[in-house]
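So TrEMBL has the following annotated:
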type: DOMAIN; residues: 31-121; note: domain 'Ig-like'
type: DOMAIN; residues: 136-231; note: domain 'Fibronectin type-III'
type: DOMAIN; residues: 236-340; note: domain 'Fibronectin type-III'
type: REGION; residues: 331-362; note: region 'Disordered'
type: REGION; residues: 398-421; note: region 'Disordered'
type: SIGNAL; residues: 1-36; note: signal peptide
């Protein structure tokens, strides 16, 4: 109950009170009385309405005269004075208000509808809740990082925004027996998430669902059934290193360390790599990395900066044939390929124009192999020794040939090539 101002202080207070105190009215309780023997009441008190509804409210002053009269009263909503044409005097002590086609509340704790005396003092207040009932939560997903905990998140309905405070509760229980349990650690990985830290059973399915409630109703999601062993994940692989492969201008070597969780539990992991050039947002994914902790990316552009990321998926958990859940991607690691020393448009590779070595068929076969390799970042256990030797020989041959052509006079260049046939 807030006292109405009187005396000289009332004469000097000609403007409405500041907005900040008004925003606290619906939290601390709406004022409902004036000073002295005069009280005021807003009816209905703290109504809850659907968006688009209308409201008929009254502010009535009670007490012995002299006191405030209806002709001197006015309304504010969230600190803004409402137009006088929305109000009408019912009698000497009652002022009515008509609001139509209401929008959603500006604050989930309720909008502040306040009745003021002529001097701006507050006579009474009410919290106005305008919104929507909650929709059915959906898209529940859960994962475990140590087979002892479980983290879940969900989507709060098709539209999400209800304009009212909506409470979400994650419930879970063993599928065939046991009582309902409520998750207690919310907002762990976002606004619609919850973490169950312990006391979970293995080899037994759980039923998990989300309940949403607010002043206008409630909704319940579909039930998700899962086994903890089917939703195991890990942190991203740490210590990702990307480096050049000698002087090979179209390759990079990627190495990483297995997540620590893999060493603590009886399961292995498979990996994925993705990479992109510095000025692009398009990633290329390498799927065939298997359970290695290193990979060589081939067929890259010379003299180009690449960003590389790695992620992990555990499998073979206690002999299970189901794969787990992919981890998040590791932080991007950058490295550049060497610049090409061979001439050609844009610094790209350029095949020699001179005569082929005597091992022409072998070179053609290697070129077919390399053409395939450049289209696929290949990360199997295949040896790259022959490929590395061939590339090193090619680069050295081109470098020597380019230097000779740049040093010899034009006449001797023809002589060095031999007489024409």
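Every residue number used here counts from 1 along the chain in the order it is shown.
Positions of Cβ are set from backbone N, Cα and C atoms, glycine also.
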If you average the pLDDT over the domain 'Fibronectin type-III' (136-231), what number do you get?
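Mean model confidence (pLDDT) across the domain 'Fibronectin type-III' (136-231) is 91.
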Please spell out the DSSP helix, strand and coil residue counts for the domain 'Fibronectin type-III' (236-340).
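Helix/strand/coil tally for the domain 'Fibronectin type-III' (236-340): 7 helix, 45 strand, 53 coil.
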By DSSP, what is the split of the domain 'Ig-like' (31-121) into helix, strand and coil residues?
6 helix, 40 strand, 45 coil
